[in-house]
Number of protein chains: 2
Amino acid sequence: MGYTDLDQLAINTIRVLAVDATFKANSGHPGAPMGMAPVSHVLFNKFMNFNPQNPDWVNRDRFVLSNGHGCMLQYALLHLFGYKVSMDDLKSFRQLDSITPGHPEAHDTPGVEVTTGPLGQGFSNAVGLAIAQAHTAGVFNKPGYELINNYTYTFFGDGCAMEGIASEAASLAGHLKLGNLIAIYDDNHISIDGDTKCAFTEDVTKRFESYGWHTVWVKDGDNDLEGIEAAIKEAREVKDKPTMIRLTTTIGFGSKLQGTGGVHGNPLKADDCQQVKERFGFDPQQSFVVPQQVYDLYNKTASNGAAKEQEWNQLFEKYASEHKNEHADLARRISGKLPEGWEKSLPTYKSTDAAVASRKLSEAVLEKIHSVVPELVSGSADLTGSNNTRWKNAVDFQPPEYNIGDWSGRYLRYGVREHAMAAIMNGLAAYGTIIPAGGTFLNFVSYAAGALRLSALSRVRVIHVATHDSIGLGEDGPTHQPIETLAHFRALPNCMVWRPADGNETSAAYYSAITSKHTPSILALTRQNLPQLENSSIEGAMKGAYVALEAPNAQVTIISTGSEVSIAIEAAGYLKEKHNVAARVVSVPCFEVFDAQDKEYRLSVLPDGIPVLSVEALSTMGWERYAHEQFGLNRFGASGPYKEVYQKFEFTPEGISKRALATIDFYKGHTVRSPINRAFQQIL
Amino acid sequence: MGYTDLDQLAINTIRVLAVDATFKANSGHPGAPMGMAPVSHVLFNKFMNFNPQNPDWVNRDRFVLSNGHGCMLQYALLHLFGYKVSMDDLKSFRQLDSITPGHPEAHDTPGVEVTTGPLGQGFSNAVGLAIAQAHTAGVFNKPGYELINNYTYTFFGDGCAMEGIASEAASLAGHLKLGNLIAIYDDNHISIDGDTKCAFTEDVTKRFESYGWHTVWVKDGDNDLEGIEAAIKEAREVKDKPTMIRLTTTIGFGSKLQGTGGVHGNPLKADDCQQVKERFGFDPQQSFVVPQQVYDLYNKTASNGAAKEQEWNQLFEKYASEHKNEHADLARRISGKLPEGWEKSLPTYKSTDAAVASRKLSEAVLEKIHSVVPELVSGSADLTGSNNTRWKNAVDFQPPEYNIGDWSGRYLRYGVREHAMAAIMNGLAAYGTIIPAGGTFLNFVSYAAGALRLSALSRVRVIHVATHDSIGLGEDGPTHQPIETLAHFRALPNCMVWRPADGNETSAAYYSAITSKHTPSILALTRQNLPQLENSSIEGAMKGAYVALEAPNAQVTIISTGSEVSIAIEAAGYLKEKHNVAARVVSVPCFEVFDAQDKEYRLSVLPDGIPVLSVEALSTMGWERYAHEQFGLNRFGASGPYKEVYQKFEFTPEGISKRALATIDFYKGHTVRSPINRAFQQIL
């Protein structure tokens, strides 16, 4: 309360910076920053705890700009508060290799929590950050030690509100009663097609209420700073529900085009820029100007934040004396280190062990490691019994009043919300104290493609437990049988796709997923049983590919993954017996990891002189990378008992042998170079 | 009203058939059919207009089982009403090559309108079917001729209700005031993880009201047939809103496990099957029994439906006399034929014509053909001005009372709802009188992956206008720049991915998309300008690939798509000039179409003896199919002016030439076989 001209000057400084940066770039979105400058000013200065000198402080309040196209708002704030975002960085807005790209990227810019822009994602990340806070508090807070009590704030616009992913996340947030989550809806009635009345006339407030949210409406978000402050205060006081503040604003406030679509995604014209500056008392001839008193004001907030972190550090130190183990655990998590020796708990298998479905092997891993990796938080999009994602004594993460779990619970019931699950996991991972794993059928990871690509781009460690990974799921049929899915995610940069063939490979997949701090992983797992392979080992699988069956004077190498590896090995026996042909078999549980090995190793796995046939019961797309010839499924599958489906499509020792012989024949008399040998290196 | 024991017997017959079929298959979902048998009985017998002898009658009421796992309900109904689904077909439930697969597939089973199972899709298809009805009525109904007035009914469960795609579609349906849409929510409180209280405690009714739906609650959906009938009657009378009927049921009604998750996705145990039959007055020793009086009852409904179609046919005949053109147009659409000579309207270009962005070339096509292809209905997910999907004089499809369009409008404002847009387009296409096209950025087609795969699987003609198709979009940066997207959809069976390089190729893409009745198409289009190529023609491009630049004694073939083709041609000039190396250039706007050409043609495009280098500014995944070496982008892009981004990643004449020389060098002294030559054929 008690806002002065200085507050207004600060707000207008943000607006003018957004005008200048988009004008200079000749690209970008001035409208949202100009409309949301007032609420940003109030929120960051009156409520948020953060220390620009240490953007990683674990108990900082989190801020997510879900309408990421408005990122000049965030960059301006980061600059004013003294994060490592300079005026030159603002001048390089949307320029090559700057830290101020067209949409906020967490790994590029200090103070950006998550990568946003694709609509609905940031909102859902915020739900993940809020869950992470509640869980971390549930685990570590003790009487007298409210170590973890930060809020998560997110701004979202009409676009985010229309996206299904945000609906999913909002419904779950309401169910989970996330009192520390405050979402501020920029109700400006404008989206790219113009007035939202052409496509979006629902009652957003009523919808959020139906999810169990508390709601508040600030009718004049352009000017009513007191009203904004009161709304945020009210939201913070509601502890058993998330709050949605509907903030009615004027997009592009101050522009001649304010309130229209014209100011959404295009810089202001030169004369409009001048007009805005004059209106706000700035020199129309100057650009990128910040009055010193605005810097001073924001520095004060920043200093307060630094002091808050100091206090917190003292509390955390004191916590060590009373709660030694918890202190050590949290300190370790914050440092990013894994528990010493955790990997010794990974199960290993001998070839004489029973055949087991890899979804069950995955469950065995979780059963073994959950106690030694306490930051592991599992879950499923309503397929718990099928994904095998829940260890036996797991406790659900639920508000205690439901009597079906508590805040410290490490198992999340995401509901049938695959896209939100993936985005929430991005938020969980971004919080810094959790390694999230979440299950669905591999086919339905596609529903989450939008979030997965942000996992990869923003370099977070999330684990997708993707069961029922092929036609091997049988009767559910083509609607549920993935064909294109592995090609899709193998083509996604910085995403590890694992398709383990047995128990040791499954353990290796988890080892890789958990130790890859900056990379998401998809574990493609079977519904059907798989035998334990003779030559498999965690070490071999950890190289991404290894020789599963060596054969002197081999005429062909069969390279395969997952459930087809043991069939390929059978095929090698069949070829020997029926055709006196020697065949090697290579298992390649993970392309991305194999590609990272040195060339000598890769050539030892796929040597010159021997043609390679790939076998995988999904699209052949991409297999040419390792194989001269490809056997796969470039059509949809079929509904039936899985063994019959495999027969139908000839994924049998006979079917593979037939193609191996054709491959040998085709390359007879030709010089065969390993697919590992290439003319040039890719840009990476 | 006036339900008798015969009605109850019919309902129990459906229940017992579902029990028998899932038991025999030892697989499937008995719970939903047992719970939804009563409402099905009432709906199909008391309200729905359909003729089992002609499942294609255009004015039939549409039924969509969005909770497709409950498909034994639908198969049982189709059988009882006399569709071509025999008792043997029911006995082959979930068996290989049966017409009763694990989830309903439209192209397999007469009477199944759309392919469902992946949750939320069917609900969204139903919104599309309802839009199609309203639009077709808007175009063809005349005073005295209410030709098109069918209802669309959909059943959906808790799973569908949780999916974001259904939220998107429901919000749009509310906005559009689709009074002919009636959605019946199987409120059984059970999903796979058990009681929905673990993840789904929102107020679904209130949520639908927030979207602008009318709602009704039937509290005893197991027994209250009168209540069900009254609710549906009420829903039909509400003409200015879609209606959601919340129907509280007991999942697996009749089973010992009724009301629990145990009956959701597993067949009943043998003793429970017997118990159910005894309880419902069936012989526990017999299976697959339909009492004759049930057949008789259902036959009566079927006969009424046939009579209704007869009446309609007479009306349609009479319509011909008064509305000759409209009659001819509708009759043609129903027949599936395109207007004679429409393709003559496709624009053609000479190489001297100006450089134009392919999104603008796409707009030029729409501008030219919309008047000769009246069934074309365009739209965008809130990117109209960026996707260029709207022809100048287009009218929006909107309820007339908004004064921004009308029911006959051919432009859909989907809002920022990519997934729902794709699924709604599936429904529009399935209706039979519309060819839908919808725009978003290529990167955000990924949000719609779940629906796209059903477009492909269910073989519907939908057109995705996917602009901003690469790093060429520039400043918006990596969050918006597709990398994996083309590989993803090229790996999807029965999906045509076009990436035209100029105007003629863009026209060819539309020709292909519009004439491919059973295949969805994605048109990947640029934001940036592209020159018109020297050798391009609609005919050449229609072969999927053609030689864009021939060169005698070429040492390398450069194969490319879209915006990179003209750079590849420049590279060929550079290679000649600087290195005296002759290079051919091939443009391959569509893999799928090229693959369908005869081998002789394919080999003429990619002949033996010359190594091939592919160039595309996206993932190289899959390019090995045509190219010995691949130049692409297996990392995320960058935010900046697009020419600088192209420079950074070396998609320049120099960058391509460098790699072409490396390719030539690498293959020197080696026999080079065309990638078209393969050892064996794929299973298709």
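Placement of Cβ uses the backbone N, Cα and C atoms for every residue, glycine included.
TrEMBL annotations:
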- B:H29: site 'Important for catalytic activity' (SITE)
- B:H29, B:H264, B:R359, B:S386, B:H468, B:D476, B:H480, B:R527: substrate binding site (BINDING)
- B:H69, B:G117, B:P118, B:L119, B:G159, B:N188, B:H264, B:F444: thiamine diphosphate binding site (BINDING)
- B:D158, B:N188, B:I190: Mg(2+) binding site (BINDING)
- B:H264: site 'Important for catalytic activity' (SITE)
- B:E418: active site, proton donor (ACT_SITE)
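Everything TrEMBL records as a feature, shown here on the structure.
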residue: B:H69; record: thiamine diphosphate binding site; DSSP class: helix
residue: B:G117; record: thiamine diphosphate binding site; DSSP class: coil
residue: B:D158; record: Mg(2+) binding site; DSSP class: helix
residue: B:N188; record: thiamine diphosphate binding site; DSSP class: coil
residue: B:H264; record: substrate binding site; DSSP class: coil
residue: B:R359; record: substrate binding site; DSSP class: helix
residue: B:S386; record: substrate binding site; DSSP class: helix
residue: B:F444; record: thiamine diphosphate binding site; DSSP class: helix
residue: B:D476; record: substrate binding site; DSSP class: helix
Between B:G117, B:P118, which of the binding-site residues has its C-beta surrounded by the fewest other C-beta atoms within 10 Å?
B:G117
Residues from B:G117, B:P118, B:L119, B:N188, B:R527 facing chain A - binding-site residues, CB under 8 A:
B:G117, B:P118, B:L119
Given the recorded Mg(2+) site (B:D158, B:N188, B:I190), which additional residues of the same chain have their Cβ within 8 Å of the Cβ centre, ordered by sequence?
B:G157, B:D186, B:D187, B:H189, B:S191, B:T196, B:I251, B:H264
Count of other CB atoms lying within 10 Å of the CB belonging to B:N188 (thiamine diphosphate binding site):
27
Provide, as an integer number of angstrom, the distance between the C-alpha atoms of B:S386 (substrate binding site) and B:L119 (thiamine diphosphate binding site).
31
What does the structure give for the C-alpha distance between B:I190 (Mg(2+) binding site) and B:H264 (substrate binding site)? Integer Å is fine.
8
Can you check which residue among the recorded positions B:D158, B:E418, B:D476 has the largest number of Cβ atoms within 10 Å of its own?
B:E418
Determine, to the nearest whole angstrom, how far the Cα atom of B:F444 (thiamine diphosphate binding site) is from the Cα atom of B:E418 (active site, proton donor).
7
Spatially, and counting Cα to Cα, which of the binding-site residues is closest to B:R527 (substrate binding site)? Options: B:H69, B:G117, B:P118, B:D158.
B:P118
Around B:H468 (substrate binding site), how many other CB atoms lie within 10 A of its CB?
26
In whole Å, note down how far the CA of B:H480 (substrate binding site) lies from the CA of the residue listed as 'active site, proton donor'.
14
Using C-alpha atoms only, work out the spacing between B:D158 (Mg(2+) binding site) and B:H480 (substrate binding site) and round it to an integer in Å.
33
Using Cα coordinates, what distance in whole Å links B:G117 (thiamine diphosphate binding site) and B:R359 (substrate binding site)?
34
So which one is it: of the recorded positions B:H29, B:R359, B:H480, B:R527, which has the fewest other Cβ atoms within 10 Å?
B:R527
Cβ neighbours within 10 Å, counted over all protein chains: which one of the binding-site residues B:L119, B:I190 has the most?
B:L119
Reported as an integer number of Å, what is the Cα distance between B:H480 (substrate binding site) and B:G159 (thiamine diphosphate binding site)?
30
